[in-house]
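Now, the feature entries from TrEMBL:
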type	residues	note
DOMAIN	1-360	domain 'FMN hydroxy acid dehydrogenase'
BINDING	27, 132, 167, 256, 259	glyoxylate binding site
BINDING	80-82, 109, 130, 158, 232, 254, 287-291, 310-311	FMN binding site
ACT_SITE	256	active site, proton acceptor
Ligand code: FNR
């Protein structure tokens, strides 16, 4: 535990970047390819400027919102991120305690290194479970049932990373996952074993593609899953419409924090297209590059109901464990509140499109 907590979120980010071993910094902080999509997330958020209104009555203001039948104190959610015991031995349990201290919703990654029941027990506030497609509908439903039995209240199915992204910094650093940091909640869920490739065969098209889902599978999963299903990784209006038609209870506009494909656009730049396509049918969330309270405001003004933060939570965890996660969330909430006061928005519903100037 550090003697003093970093005063701002950028200080958490730089302290984590210098404090972590180079291979861990590369795994947790770098983006796909040379990092352009990750940089675009933050760069494009900064292109959205605010249109403040002065002298409005701010009494009774708050940051509460309703999301899938729950009331949350504020719209900053801890994004699912993998292998947290790499950052601190308590891993996801510490993140849950940090989120709980701020009444924040947390999403637990399927690649959690701590048992889902232990994580759930550490955070009484609403918690969602994130999963990837597990080769077949039956396997994916089996994992979903485990999450429902452990007390999670919704599922996030991530659809934007059917294969691993190529991250230059991670490759250069020689990052390797050791067996003591494994995705223990997947134990007993059959993982595909691929036959050896014959001459001229492609691993991705001739093997992996056979166990990937399509929209029919997603519709079946949404129909049969024991909890509401939110699809994460939607980046176009077309996919947004298909997701709603398949029965998704919500969407997350996400490019996986720019970790899967360097040539993707920023999430803030595609958010309005997705929000238009969904037309209020289900809540649209967004993540990618949220680093300050005014970034939360920017995303809400362009139509996001709430935002998720990945690397900020990871940096909080790495620098100061549960306290760091809690502090990072508190900083974001305090900055959001002051941004609302400074722009004349009493509630999140008042953070509307006309409160910003945006090129998107
Ligand atoms: C992730 N992300 C992620 N997403 C997911 O659905 N399942 C996962 O297991 C992971 N794992 C993961 C590991 C690490 C180290 C990072 C940084 C991210 C993506 C995550 O949920 C989220 O979409 C992004 O992190 C959001 O961008 P920011 O906030 O990191 O800029």
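Placed from the backbone N, Cα and C atoms, the Cβ positions cover glycine too.
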Binding-site residues whose CB lies under 6 angstroms from ligand 1, from 80, 82, 130, 167, 291: 80, 82, 130
Among 27, 132, the most crowded of the binding-site residues [Cβ within 10 Å]: 27
Nearest recorded site to residue 287 (FMN binding site) by CA-CA distance, among binding-site residues 27, 132, 167, 256, 259: 256
When distances run from the Cα of residue 311 (FMN binding site) to each of the binding-site residues 27, 132, 167, the nearest one: 27
Distant-in-sequence Cβ neighbours of residue 232 (FMN binding site), under 8 Å, six or more positions away: 130, 156, 157, 158, 159, 160, 251, 252, 254
Euclidean distance between Cα atoms of residue 289 (FMN binding site) and residue 259 (glyoxylate binding site), Å: 12
In the chain carrying residue 289 (FMN binding site), residues 6 or more apart in sequence that have Cβ under 8 angstroms from it: 38, 40, 41, 42, 43, 44, 45, 257, 258, 266, 267, 268, 295
Candidate with sparsest Cβ neighbourhood (10 Å radius) among 167, 259, the listed binding-site residues: 167
Cβ neighbour count within 10 Å of residue 311 (FMN binding site): 27
